[in-house]
Amino acid sequence: MLFSSRFLALAALLGQALALPIDDFSQSDAGLKVKLTSMGNTRVKAVVTNEGEQEISFLKFNTFFDSAPTQKVQIMKAGSLIPFSGVDFYFNMANLPAEAFKTLAPGASAEAEFDIAATADLSPGGSYTVSSAGFLRIAGGNGTAITGRMRYRSNQMKLNVDGDMAAKVQSAVPTIEKRTRIDGNSCRGNYGQLLSRALQGCSSYAGRAAQAASNGDAQKFQEYFKTNSPQVRQSVAARFQAIVQECSSASNGKTTYLCEDRFRFCQPGLIAYTIPTQSVVANCPSYWKLPPVVNRGLEPDHGYVVVHEFTHATSIFSPGTEDHGYGYEECRRLNAQQSLSNADNYSLFAAAVSRGA
């Protein structure tokens, strides 16, 4: 998991209203080393070493070892962050498959190589600084339940990029031709009916959440966003109101919704994803295994996931959110800045005020 530009944009947007430490996770700071090296122009190799005394098993999603074009590094030029043009995934922390984990013995290293020009426009060329900071989710024993985190901070690597060569790197995310609000090819029959109901559920969730953010219970808002600043409450309500508008029509909107994985990014355990730069949302096969409607608790249903994905879409509300944490336990550990920029905090809040959780 990587902290990146949209997180900083939201923090800057609200300034002193969120003047809290950026990271207050309860997690390990020792035992993990990450080194980035250049493999030529825009190709980068990341080597992760377990310097601890125990074997670790970590979740690959949203890390260097994720085969999908998720954000793996932060790229800066002349002090400015380069926008990320890949995908944001949603997965259910309560249902992670064993194949989504990677194991590292004490002293062992694992490496991954990728091209940063596949998810960022580096065609101007010149000098760039590449780094990565975040955490790995650690599973306990031989299971798949996340029991801890290990923070890391890589070296800062300087790259002198040939812009012409970078421009020739194929984008990891093909551009689709937008024809309709809901893709008619993938959203036929039962999928189309279920998605229509999911949009209705999304509208209901977001509508109640907008009202609760505007003038609802202060303690409940504090629980999910770690502040009761009027400025923050106004911003959260505005995002929910924008989502209500997006969910209210199956024919008009700012996003394109795919009921199937046209890009072939889905893996076991992944439920849905958003491509913010294209305003595209796509469901994975696991999405259709979720219950269409959940009336109690905070577990995801179809409408919950739509709210989550729509918070990522900058065309609906800018800046879009990121994925600092998933599920109630992780999201409760986020500070105010992270909570405001985290997609699942919005879905959880919407579910809580709608279901009385």
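Keep in mind that glycine also has a Cβ here, set from the backbone N, Cα and C atoms.
Looking at Cys259, Cys284, the record from Swiss-Prot puts Cys266 in a disulfide bond with Cys284. The disulfide bond recorded by Swiss-Prot for Cys187 reaches one of Cys247, Cys259; that cysteine is Cys259.
Excluding His308, His312, Asp323, which define the Zn(2+) site, the same chain contributes Asp88, Phe89, Tyr90, Thr274, Glu309, Thr311, Thr321, Glu322, Asn342, Ala343, Asp344 within 8 Å (Cβ to the Cβ centroid), listed in sequence order. Comparing CA positions across the recorded positions Glu309, His312, Asp323, the one lying closest to Cys187 (disulfide bond) turns out to be Glu309. Rounded to a whole value, the Cα-Cα separation of His312 (Zn(2+) binding site) and Cys266 (disulfide bond) is 17 Å. Cα of Cys266 (disulfide bond) to Cα of His308 (Zn(2+) binding site): a span of 17 Å.
Separation of the C-alpha atoms of Glu309 (active site) and Cys284 (disulfide bond): 12 Å, rounded to the nearest whole number.
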